[in-house]
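Feature annotations, courtesy of Swiss-Prot:
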BINDING   167, 343, 372, 373, 394  (2R)-2-phosphoglycerate binding site
ACT_SITE  209  active site, proton donor
BINDING   246, 291, 318  Mg(2+) binding site
ACT_SITE  343  active site, proton acceptor
């Protein structure tokens, strides 16, 4: 038995200068797990609650001392003495103790930090790397794959202080044979994009996720700049590198008139018009994945978009599904989208996250493992991507150490598996729904 002997919570700082929750779980034998909860900027309305103090005299109300107190008191008292290797039981104890549908009593930030720290401690007690332990929890021990990165190299929307409406313009180095090669391609395109933007007299300041955040006349201009950068780097767009976008449509959807109002471009669209706007972009550029291409509540619009684009474009639900199996199940039954973005702080525990990934895969949906815009040096999502063989990861651009920490962990994992004589496959474009 890997007995829990101590649980510690503390307030630390994330990549945006805001507090977040970090937890330590200590086991008999001296094994320790340490994990921190991430935080989002553009959030779905049905996400599990991130508990903030609201005390304007500290961190502009964004302190997390209440959540930390829950870790140090109620949660610690409930799980000390339990077996850390019973992950589902540990998570369920915290969920039941919280007693709310959206974890608003303790906060998903408190529960998740402990959940992940517990998994890390349990993995250490079994002498396993975290990705291998996650594979065991997932019922797929020894089955790994390295994820195809979706690299956010131009930031807009809520992730940047510019006039670009679409939140993320991403590249996928699909021509790579290994994760390490994919990162090299991504870095070379990123540096060439800096040259392209400088030559146009544009800003090379970066947004929350490490991508550039220039003012551009249109979303098509962002794609044109990326195309130029890919070619300058010596690669072929559509062969070596494909494109992906996160529209974060809920951020520019006007619920009062039902219009998608892209203020940066000075254009407004109905739901169906916006789908056809995106369809035109996919005809001009090799865009193989679109995330949140409709407002989270516009299920009729999503159904139409899936009908129009779903046979050839990966349509990822982020705000749409919020890593929630109840919502995902309904979406699967109604034929909404064909992929889910996985953010474990949207649901608040490792066990529930694994359940969402399994449900998606069983239904033929892909699962894209994702960071949040507010991150720390915690690289757990790298292990999650490999341990569940998810196939794709979204963890930012080629700058900011909070993003690079995840890529570096993936490098370590890929190398470790190769050294062990059990290299993990890198799926490339085959990982993307509709592209196999």
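A Cβ is built for glycine as well, from the same backbone N, Cα and C atoms used for every other residue.
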Pairwise Cα distance for residue 394 ((2R)-2-phosphoglycerate binding site)/residue 318 (Mg(2+) binding site) [Å, integer]: 12
Among 209, 246, 291, 318, which are recorded as recorded positions, the nearest neighbour of residue 372 ((2R)-2-phosphoglycerate binding site) by Cα: 209
Lowest local Cβ density (other Cβ within 10 Å) among binding-site residues: 167, 373: 373
All-chain count of other Cβ atoms within 10 Å of residue 246 (Mg(2+) binding site): 29
Long-range Cβ environment of residue 291 (Mg(2+) binding site), under 8 Å and at least 6 residues apart: 168, 244, 245, 246, 247, 248, 315, 316, 317, 318, 341, 368
Cβ packing number for residue 394 ((2R)-2-phosphoglycerate binding site), 10 Å threshold: 30
Distance [Cα-Cα, Å, rounded] between residue 209 (active site, proton donor) and residue 167 ((2R)-2-phosphoglycerate binding site): 11
